[in-house]
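J.: Please read through the structure below; I'll follow up with questions.
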């Protein structure tokens, strides 16, 4: 066989392997997808036993020049497919009673892929369709930061056309512990090794877990401000508990009694959006439950035709779960505040936003740790508008950090996807909110 024929054969084989990860049709969606979707695995570690699964969706605008985002869901252990379907992707799930076939999908109007390329990553290992070839060892915040950095380096080496695109690391909820540390890791990696460097520009976080012990204490003043507890509960709590409402000293019996009263008042409040009907998110199989779509996404992702369409490795995964709560995990980053500070010193842009009806990570807590950074505000607290209506409030700081609230928003973008999209669109374009 001539050298030329061998080369052509290798070229055809390479093209076949590459095109095998391109997804043009999805069960439940009528016709070909109106966007470019690639799925695949990247091995992590020396032996590549950890296999991170990703969805890559090209920008619908100008993929060659638009920003590249890497999106991480929270949990830890929640699949990025939830981000695609419920928060900021180009397809969503129709609210229909499950009939045994793959649930139906529809095109969204609020996808961030309208002006950005996005890598949606299933991490840590064990979440979504990511898996390990060997039994999963206990992982944690720090090890996942390093693994995700390795993933990004390898992904870019396979997609070198995106090296020059501005990179932003984005996520929400528990990824508030991972994203700032990952930004620092990428930044330091650019100095230590690797040519060309990753074109890191900044990061974006929604209702981020940042310092859990600190943040939980703000649930009580938030509940009081929203009228969930009375003066008779709040004023003594403030005085007797000294601002420490969690991990209460067992000898402080008065504080313990008051916290019991608080829990009685809020036990049936949906912590992710206080105006949303409460139902058990671990049992969402009833169509009457607000979170019934969480059941539908599990039905969809566990459909064999869906797995074939997404090119899921056969035998790599049992039942897909929206959030895998069984992953052995060390919460070894206590606070991500120092990472925010270091990233600001390095000159990276950041947008921190809060749905103002979230009590899990109240906007009061996020404002408090931002204040602790002691950065000068560029402008005073002001409303930001959509169609001449207030969509939230914002303040920008001298360290390139912007804080914004989303009026009526909850713990994730799914509660106000259109407003979150417009906020993202303005910020990523360098416009004031």
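Residue 1 is the first one shown; counting continues down the chain.
Backbone N, Cα and C define each Cβ position, glycine as well.
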J.: Among 99, 374, can you tell me which residue Swiss-Prot lists with the annotation N-linked glycosylation site?
T.: 99
J.: How many Å separate the Cα atoms of residue 173 (active site) and residue 99 (N-linked glycosylation site)?
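T.: Counting only the Cα atoms, the answer is 32 Å.
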J.: Just give me the nearest neighbour of residue 99 (N-linked glycosylation site) among the recorded positions 241, 255, 279, 342, 418, Cα to Cα.
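T.: The smallest Cα gap between residue 99 (N-linked glycosylation site) and any of the recorded positions is with 279.
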J.: I'm trying to understand the geometry here, so how far is the Cα atom of residue 342 (N-linked glycosylation site) from the Cα atom of residue 241 (disulfide bond), in Å to the nearest whole number?
T.: 33
J.: Enter the number of other CB atoms within 10 angstroms of the CB of residue 418 (N-linked glycosylation site).
T.: 13
